[in-house]
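These features come from TrEMBL:
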- 36-285: domain 'G-protein coupled receptors family 1 profile' (DOMAIN)
- 20-45: transmembrane segment (TRANSMEM)
- 57-77: transmembrane segment (TRANSMEM)
- 137-161: transmembrane segment (TRANSMEM)
- 195-221: transmembrane segment (TRANSMEM)
- 233-256: transmembrane segment (TRANSMEM)
- 268-287: transmembrane segment (TRANSMEM)
Amino acid sequence: MTSVDEFFFLGFPGLGRLRFLLFILILTTYTVTVLLDTMVIILVSTRESLHSPMYSFLRNFLFSEMCFVTVIVPNMLRIIWMDGATISVIGCITQNYFYACSGTSECYLLTAMSCDRYLAICKPLHYNTIMSHNLQYFLVIFCWAFGFLLAFIPVCLLVMLKFCGLNVIDHYFCDLAPFVNIACSDTSALQFYTFLLINVMVTIPFVLIIISYMCICVVILRMPSIGSRKKAFSTCSTHLLVVGIFYGAVFINYFTPMKGHSIAINKMLSVVFNVITPLFNPIIYSLRSQDMHAVIFSSLQGWT
């Protein structure tokens with residue numbers, strides 16, 4: 001039983017010359033995502049009209065998404081270009097750790113944004129008092145710190161695993177499932193903690209978001225005029241759309257049974273979640289937010 005010190009990722013075998021088209025599409029998507037995220041972050045940071053708690057959370061959310069795609073896509077492009085490539089065991093565990101960190105931080109930042117919308121609509125008179133700068137800083141620090149700490153537990157278990165014999169993985173990044181499938185030591189503890197952590201990382205934030213929006217819907221429906229209902233709903237519709245896309249992709253990718261699907265379909269679903277979905281969020285906030293509309297329009301006028 002030879003000890004394994006590196007893995008060979010197949011990527012997308014069988015595409016032939018089409019893999020170069022896939023390379024260009026993913027590179028273009030990644031580049032546009034990073035540019036749009038950077039543009040929104042700069043606008044939110046430099047324009048006083050966007051110095052509100054909601055946009056402060058948005059800035060951190062988009063930065064976490066940039067980290068999320070950057071952890072995956074550059075090495076993914078290398079694997080596609082070379083039609084398969086190797087990565088060390090330590091490098092693979094490191095990629096898995098930062099993937100989990102950024103993903104967890106995204107989930108909790110979305111939860112913080114939903115709490116902000118709840119306070120803005122359900123407690124408007126007390127909003128400025130409750131959502132103080134100290135609370136904003138605390139929520140942002142908590143989201144990032146909790147993501148880094150929570151993802152550290154499975155990493156400790158991954159480091160203790162032994163890999164021997166087969167080192168070929170039919171995937172394009174270091175997801176947790178390949179480790180479990182090719183490890184030659186007991187993975188029961190890792191699988192148990194992974195189940196618990198997925199619920200803490202994904203399910204709990206999702207439930208909190210649902211509760212927040214149930215309360216928001218109750219308050220909106222009790223408003224006397226249609227105009228006030230539309231105005232209240234417009235303040236949270238953008239965030240609600242982002243939550244729907246994000247968690248829809250999460251549940252399809254990680255919570256649907258994969259046994260009936262081919263490996264190719266599973267990988268394409270993963271590509272949608274890891275590459276395509278992050279592109280939508282800066283576009284949605286740029287197109288649907290009136291504040292962002294005004295800032296972008298004034299910036300374009302200033303440049304011209």
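Each Cβ is built from the backbone N, Cα and C atoms, and glycine gets one as well.
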Within-chain partners of the transmembrane segment (137-161) [C-beta distance under 8 Å, separation at least 6 from its ends]: 56-57, 60, 64, 93, 96-97, 100-105, 108-109, 111-112, 115, 176, 179, 183, 185, 187, 189-190, 193-194, 197, 200-201
Reported mean pLDDT - the domain 'G-protein coupled receptors family 1 profile' (36-285): 85
